[in-house]
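The next block holds one structure in the form of structure tokens; read it before the comments.
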Amino acid sequence: MFSAEQSCWFVRKVICWRAVASIAWAVLLLPPITAVFVILSRFSLLHPIQTVSECLTFLTSASVIFSFILLCGVIIMVGFLNLEYYTVIPTIACSKIALLGQLLHPRHFVNSLAHCIMGIIVAWCCAITIGGRYEAVAYPCTPGDGADSSHQMCLNEYHFILLLAGAFVGLSHSMLGVIYNMNYVPFHTVQQYKYLRFKGSLPMLVKCSATQALYSVRNYIVLYFFLGYIPKAWICKTLNLHLNSSVHPLDSIAGLLDLNLLYQLWVSAGFLLLTWHVTLLLFRIFVTEVYSFAVQSSFTEDAHQCLPKVLTGKQSMILKFLALQDLALLSQHSPLRRVEVFSLSQPGGHPHNWNAISKECLSLLSDLTQRLIAYHDTVATNGRAKSLSTGSERKTSSETSVTSGTDDLMSPRPTFLMKTPASVFARSIVGSPLTAPFTPDLDSPFASPALRRLTAPPDPFSPWSGTVQSPHIMRRVPKLWSTSTDSQVNGSPPASPASVPSPKQEQSKPSLLAQFLQNRKEQVKHFLAKRVLIMYLFNKLPEASSQALFADSQAHIWALEGLSYLVQASFSEDQFGVVQTALPSILSCMLVLQEAVDRHFKLPHASSKPVRSASSLGDSTHKTLRFALRATLKTAIYRITTTFGNHLNAIQMSAEHRKRLQQFLENKE
């Protein structure tokens, strides 16, 4: 996850210790949560005082201590999985089939298997804690069952259904984590102490765990009613157990209408989810804590830990985000550190700190602008390549430039490890193809004879070979066999020896087999596009595509805030005028980005603001990042224009940018 050598210090000194601290606090919070679970699972309305005293006595028993050790191991494993699977850029599926591919990914399969095993362990601890009929997996069969009670054992279905419920809740929690991006670690805009953040999120955490446990138990009961006999028969055959015929089976309506069973399932599932959600919340709080980077260092061996080096180097995404967050806070609240940004190197007198910071921020904003332009071009042409009427050469060069530009956007940048998912630019299967217009398959047995005659090459010995170049029909001379088919079809004169194509051009021409496979591929696409289920799975979601395009916009928001606040502070704090040299490029970059963002918001799917879900632990702030970016961008430009005012008229820029800047100077934007 952290491959760069320069980021090893960050893993060793920051991330690992923060993850360990979050796991330690989750383990410390486990005893009070377990005590609440014991009281809820053993509480009796008829004898409340006696129940509380029995619970306190039970908490000191050996079985509870052993269960607590197992639960601590589960918490440590959950914390390790959080560290392994977390991300600061959410993965947004732009179609149903893309989401299905994420759920079936081998990496997620391993995660789901681990959660199932941990769910079974937690459910076993819950069964031991509840006691009574849920405690053991087997009991001696009664003589009425037709078996010798001294030699045969019967399956305790109440214990078995509780263990299966733990596996099902673990699996559903893992799947919901992919659907709702629960491994996404968001950065809060308002900085708070860790205790206040945890205290404010605790009521939502309890509500979310209880609600998700209720839905999980409902789904599990329905699934066990229809398919419960399969695992029950398997466990009986594996452990050589029998079924008690005198007791109603739990995979029936009479067996599932047990209120005590439903209550214990709900409480156990809620306890499992609450402990896991607490671990996840603590991990998010500790990892996203502000880290203060040194702007410059007096020692050479610590130079890679300074803010300019971290921003411009090949670092991990979490380190990059923390550096940009520190830059935004530095530019707004730290006058002493801003002086170091505006300082000059000695000897030489070069503003290395400012140059590195401004270059990286402008590079981020330029990348976002290029991605928006590429996305707009794809949407405007409905996934088709633009056709030019001035000749095939211009069309080929245009398609080559678009392709190379898209490849450049999709290729990983050496300075930053963020990129837009390829599914944003990929077309829908029901849309138009990305290649040239459809060409008929002449080799197909379904092609009509008339179509073959229209597209077949002319006979070289026919007196009417060639195409008509004028309203009058002219007789052509017989053409040689060496004449290319393309020139005959297009009506161009035979190729002269001087214009014979080079061997390199002949190699680039697709073969008959490649054309045949391409035609078959297009036929399969058009055939599948007419099927409703295929359209439902492969049809792109415009709202999700827009969200994926701005999935990493938190970094751009911090870059805008950092640049604008530094430019604002330079009006009175920059003694050497290092910022004013880059002011034209900063304004031009922001104005171009604003034009691209405004153009994006004119699309119908980008103007609808999604409703945040309050019942899920998965953070939904990534769905509204594009709105936050638009507001931050406009605020950043106004911050600069308000500070410098009419002094900006002396800056050299294009007429279009000056006209747009004048709108901000007159407060008309």
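Cβ coordinates are placed from backbone N, Cα and C, and glycine is handled just like the others.
These figures come from a predicted structure and were not determined experimentally.
Long-range contacts of the transmembrane segment (20-43) within the same chain: residues 51-52, 54-55, 58-59, 64, 68, 71-72, 75-76, 78-80, 126, 129-131, 264, 267-268, 271, 274-275, 278-279, 282-283, 285-287, each at least 6 residues beyond the stretch ends and with a Cβ under 8 Å from a Cβ of the stretch. If you look up TrEMBL, you'll see 20-43 (among others) marked as transmembrane segment.
The transmembrane segment annotation in TrEMBL covers 55-79 (among others). Same-chain neighbours of the transmembrane segment (55-79): 19, 22-23, 26-27, 30-31, 34-35, 38-39, 42, 114, 118, 121-122, 124-125, 128-129, 275-276, 279-280, 283, counting only residues six or more beyond its ends whose CB sits under 8 Å from a CB of the stretch.
For 116-134 (among others), the entry in TrEMBL reads transmembrane segment. Through the fold, the transmembrane segment (116-134) approaches residues 34, 37-38, 41-42, 58, 63-64, 67, 70-71, 73-74, 77-78, 156, 158-159, 162-171, 173-174, 264, 268, 271-272, 275 of its own chain, all at least 6 residues removed from its boundaries and within a Cβ separation under 8 Å.
Residues 99, 102-103, 108, 111-112, 115-124, 126-127, 130, 133-137, 212-213, 216-217, 219-220, 223-224, 228, 231-232, 235, 250, 261, 264-265, 268-269, 272-273, 276, 613, 616-618 of the same chain sit 6 or more residues outside the transmembrane segment (158-180) yet have a Cβ under 8 Å from a Cβ within it. Residues or ranges marked as transmembrane segment by TrEMBL: 158-180 (among others).
Annotated transmembrane segment per TrEMBL: 221-243 (among others), in sequence order. Same-chain residues lying 6 or more positions outside the transmembrane segment (221-243) and placing a CB less than 8 Å from one of its CB atoms are 137-138, 141, 145, 147, 152-155, 157, 160-161, 164, 168, 249-253, 256, 262, 265.
Tertiary proximity for the transmembrane segment (263-283) is limited to same-chain residues at least six positions away from its ends with a CB under 8 Å from its CB atoms, namely 19, 22-23, 25-26, 29-30, 33-34, 37, 40-41, 71, 74-75, 78-79, 82-83, 86, 119, 122-123, 126-127, 130, 134, 161-162, 165-166, 169-170, 173, 182, 185, 198, 201, 205-206, 208-210, 212-214, 216-217, 220-221, 617. Taken from TrEMBL, the feature transmembrane segment covers 263-283 (among others).
Look at TrEMBL and you will find 384-413 (among others) tagged as region 'Disordered'.
The region 'Disordered' annotation in TrEMBL covers 449-469 (among others).
Residues or ranges marked as region 'Disordered' by TrEMBL: 481-510 (among others).
Residues annotated as compositional bias 'Polar residues' in TrEMBL: 481-491.
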